[in-house]
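Participant: Okay, so TrEMBL annotates it like this:
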{"type": "TRANSMEM", "residues": "26-46", "note": "transmembrane segment"}
{"type": "TRANSMEM", "residues": "66-84", "note": "transmembrane segment"}
{"type": "TRANSMEM", "residues": "91-108", "note": "transmembrane segment"}
{"type": "TRANSMEM", "residues": "114-133", "note": "transmembrane segment"}
{"type": "TRANSMEM", "residues": "154-175", "note": "transmembrane segment"}
{"type": "TRANSMEM", "residues": "187-206", "note": "transmembrane segment"}
{"type": "TRANSMEM", "residues": "279-296", "note": "transmembrane segment"}
{"type": "TRANSMEM", "residues": "308-330", "note": "transmembrane segment"}
{"type": "TRANSMEM", "residues": "350-375", "note": "transmembrane segment"}
{"type": "TRANSMEM", "residues": "418-439", "note": "transmembrane segment"}
Amino acid sequence: MGFEGDEESAANQVSTKSRFRYNSPLVQITLIGLVCFCCPGMFNALSGMGGGGQVNPTAANNANTALYTTFAIFGVLGGGIYNILGPRLTLAAGCSTYVLYAGSFLYYNHKQHQSFAIVAGAILGIGAGFLWAGEGAIMTSYPPPHRKGTYISLFWSIFNMGGVIGGLIPFILNYNRSEAASVNDGTYIGFMCFMTAGTLLSLAILPPSKVVRNDGTRCTNIKYSKVSTEAVEIGKLFFNWKMLLIAPAAWASNFFYSYQFNNVNGALFNLRTRGLNNVFYWGAQMVGSVGIGYILDFSFQSRRKRGFVGIGIVAALGTAIWAGGLAKQVGYKHNDLPPKLDFKDSGSDFAGPFVLYFSYGLLDAMFQSMVYWVIGALADDSEILSRYVGFYKGVQSAGAAVAWHVDARKVPLLTQLIVNWSFTTVSYPLLAILVMLAVKDDQKGEEPSINPASMDNNSKPV
């Protein structure tokens, strides 16, 4: 992915005294968090309203099916593309497609033609593959090895603040519309402004060879990859036993979105309350990512033990939350929905479904942060990790494409819940096996070894 291996000697003498250096992992992770705050964060808020903010979710379901179908392909290819183009071009190209997607629903508000939304969804799937492969490589390779959980939680908190702000937009702009209605034009325009800002901000991301950790090591220092090399390496991923163990978790990790957004938030709550719920759904993600990040970095000295404990906690919490979802789901069906709940007018009836939806957000962040931590523990080089994360996002998106299509076909809601619960449950023991077999059991706080590529001519860390 390169970057020139022979740096000028003067350029190599980089001060590492300040944690807030522009080329520090902390600042770069913060920047990629802000990029995702503006683009997928706002996309999540848009999707979280149920039906893309429309009364009839058909257009959004079809657009999301197209989106995740192309995402499944370009998610896998994204890691290779990142290794060829580098972070700036990859991220900027990916971010720009989010603006088009939000604009397609602005168009749909007036014309009620879903063709544009479906095409925009397919294009966004390509862009999202670029963006998330680059994001994953940065988030898992830039931090020091013994603080990856902390940096993942930092990213996840900033990213999901986008969902919080994005939830406030429809809540405020549609506050006086308690009846069933599609969101107004201003909501979509607000999303487009944030997404445009994220596209511009992505140009500020540094390549890994220019990022210097506090101990003086560079994240990586490799040459630009080639298309032929990436094609071979991506092909090998489908026979890599580590990736095969991750595949069920990847499939499960976005499969539940269509159910939660359309059939919990969209089915049980009115328009303005759905916006408010999303504020807390994505806020719960911030809490969940910080909590699991602390456990995965600081709970025990043994890295492997921290992985086991993290997986065990997420498994226990996930079982309890899905059981709560089952208790609520048996009370309604597609053709027998209860009256829409309103946060002001429904009284105590609002509390239980609200807590359930909040808990779904908490679990999502803990589950995905845990998987990212496991992937980050498998290697420490952005070239390898970009491919691993690309595979993860590709399989994840294939699952999401199927899930949105399943919901569009009006599969019984109870069946959808049971399938979601089963997928997440199957993934826990497989992740535990992967931690046992592939994660090195080094000690917490152990200083990482110096990267030979980061040494200057006098054999000192840069």
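Using the three backbone atoms N, Cα and C, a Cβ is placed for every residue, glycine included.
Remember, TrEMBL labels are computer predictions, not curated facts.
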Participant: What else in the chain is close to the transmembrane segment (187-206), if you only count residues 6 or more beyond its ends and a Cβ gap under 8 Å?
Facilitator: 22-23, 28, 31-32, 34-39, 41-43, 45-46, 53, 87-88, 91-92, 94-96, 98-99, 102-103, 105-106, 109, 134, 138, 162, 165-166, 169-170, 173-174
Participant: With Cβ-Cβ distances below 8 Å as the criterion, list the same-chain residues six or more beyond the ends of the transmembrane segment (418-439) that contact it, or say none.
Facilitator: 242, 245-246, 248-249, 251-252, 255-256, 259, 303-304, 307-308, 311, 314-315, 318-319, 322, 325-326, 367, 370-371, 374, 377-378, 399
Participant: Six or more residues out from either end of the transmembrane segment (308-330), which same-chain residues have a Cβ under 8 Å from its Cβ atoms?
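Facilitator: The answer is 264, 292, 295-296, 299-300, 352-353, 356, 359-360, 362-363, 366-367, 370, 373, 413-414, 417-418, 420-421, 424-425, 428, 431-432, 435-436.
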Participant: Going through 66-84, 114-133, 350-375 one by one, which has the most CB pairs that fall under 8 Å from the transmembrane segment (154-175)?
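Facilitator: Comparing 66-84, 114-133, 350-375 against the transmembrane segment (154-175), the winner is 350-375.
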Participant: Which one, 91-108, 114-133, 350-375, has the most C-beta pairs under 8 Å toward the transmembrane segment (66-84)?
Facilitator: 114-133
Participant: Checking distant contacts: for the transmembrane segment (114-133), what same-chain residues at least six beyond its ends satisfy Cβ-Cβ under 8 A?
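Facilitator: That would be 35-36, 39-40, 43, 52, 58-60, 62-79, 81-82, 90-91, 93-98, 100-101, 103-105, 107-108, 386, 389-390, 393-394, 397.
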